[in-house]
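As structure tokens, the structure follows; a few thoughts come after it.
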């Protein structure tokens, strides 16, 4: 097998020495780690160097287009004369061209691409004729030449000028609007009545340039700018103006602003003429139909005239109204009927009732005209003129309400019915709404008797029902609780279970477990301070298990000794009790803040003081804490799972100990340190670690975060 390798310096042909290894693309890069190992896979057979940058540029552009150059054709014919070997080529298009013209068996797939990447990594050692410095210089020179070539022969370069011009026009309009509004507001402090008399912006600006302060109005000649009647009114109002006095320095700065407005206005007129000439040269038919400005907006939105020609008429119609379209699709409202095309003269001439129909007809003609401009050889505007005349005729028929059809044969007549006021009132048949079979139906709201029936006696079976259901039986009717009420009841039961568990363990009522509703700073600020511990409930997935093994491996390899031996850590040996374990870890490592009362937890901490994590776990298994856990679980909102059942959720706790953030997980072999922290920043620093947990399963939302915080009740 022969490998065709293309470089910036020339064509290289390599002989593939080991044909079995190149197909193993997953491990191929190991065989090219060193020059010696690479030379055992491929060997340079022939190298055809380019004469100059011009030849290299021609070869590169031909390769991009999938064409075969004369030099490459000559090289391959000489090499494969009478041989039946296969040729490995990276580019599939170039491979097809070689196969068609030279009748050589060509192979081009992912394995070949991987082989090319490996050869490229050892190019300097495999091609002895080239040094690293020469290769770098040739690659840089070829890249510059190719960029200049693409820019020189870019078919979109004229379109780019249109796009830039129309975008600059929009920016100039925005700047002009800001400058003129600022000038009006500024000068109105001195002569407020002038802004009311002169609504034209350029008349207003030029009048300020001539008169300066209002005291000079009487002696100034404004006949070149204003009509005689308006000039007389300006001079009369100036004598009795209510404005404040300004200094010569103030009017000088206002003049500078006026000069800027006049200069930008003149440049805008010049730019508009430039845009008009460009549009007539590039897209004459589109310009005739829509006008220069609207046509340029469509070209700018599409990117080029060619891209606009590829759009169907339905897309051209709403081009520029993308936000309104997606908002309508999201809210299931009516989609927009027009985008930029709304500002065209033809749609503007139509009445409100026919704007949608006219925009649809105009978009169809614009789509045809743009394709002629982009792909046609003729640069005339005859098609645009013809389509415009047709649309104007159809618009006239629409507005006049002619009896002839707008589309179809001219002889066909359309029937127009006159609207007549119908005085009779018909009643809507409500029975027609039902699609069910006729039979006994439920009464309508109007048919229900508003009188409340006497309360029925509740049978004695109610006594056997739970107390919560019996309370809901009122006047003999059992009300079904809404989802919100059920959630509140579940939350209340959960809080009661947590409080009862902490009370039975001997934790004083000064401390409580609170929910953390989010990781954002404003939500964290709602948690009472100081936070002694943070607990996280997360789903146990394969990604979480990999993270667990990775953290344990990190601590083992680093030999991190930041975790003090004073940290209370218990190995979890009791099944389905991770929540209780997290609570024990949270309380036992904050005894300086929590004054434990006599109870099973205080006794367990004293007994396990000198035991390791495994021994403490066995002690917990036989302690009174396990019994308290089982009792509370049976009284909770759901039935406690059996110890043999595999629960797919797990609790961990985060505490601060001697300035370090410690993760305590009964399933892990030891505590996991996560850097430094303080008691004040425990909650914020814990959220950074919790984000790492959540990033393992970004699509999963089953994460719950709680904090051990003071109770102010």
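One-based numbering along the chain as shown.
Quick reminder: no glycine exception, Cβ is built from N, Cα and C everywhere.
Caution: TrEMBL annotation is automatic and unverified by curators.
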Range annotated as region 'Disordered' in TrEMBL, from 433-492, 493-552, 553-612: 433-492
Separation of alpha carbons, residue 578 (active site, nucleophile) and residue 572 (site 'Transition state stabilizer') (Å): 7
For residue 665 (site 'Important for enzyme activity'): intrachain residues, at least 6 apart, with Cβ closer than 8 Å: 548, 650, 652, 653, 672
Cβ neighbour count within 10 Å of residue 650 (active site, proton donor): 20
PLDDT averaged over the residues of the domain 'UCH catalytic' (475-710): 79
Under 8 Å by Cβ from residue 578 (active site, nucleophile), counting only residues of that chain that are 6 or more apart: 572, 649, 650, 651, 652, 666, 667
Residue 572 (site 'Transition state stabilizer'), number of other Cβ atoms within 10 Å: 23
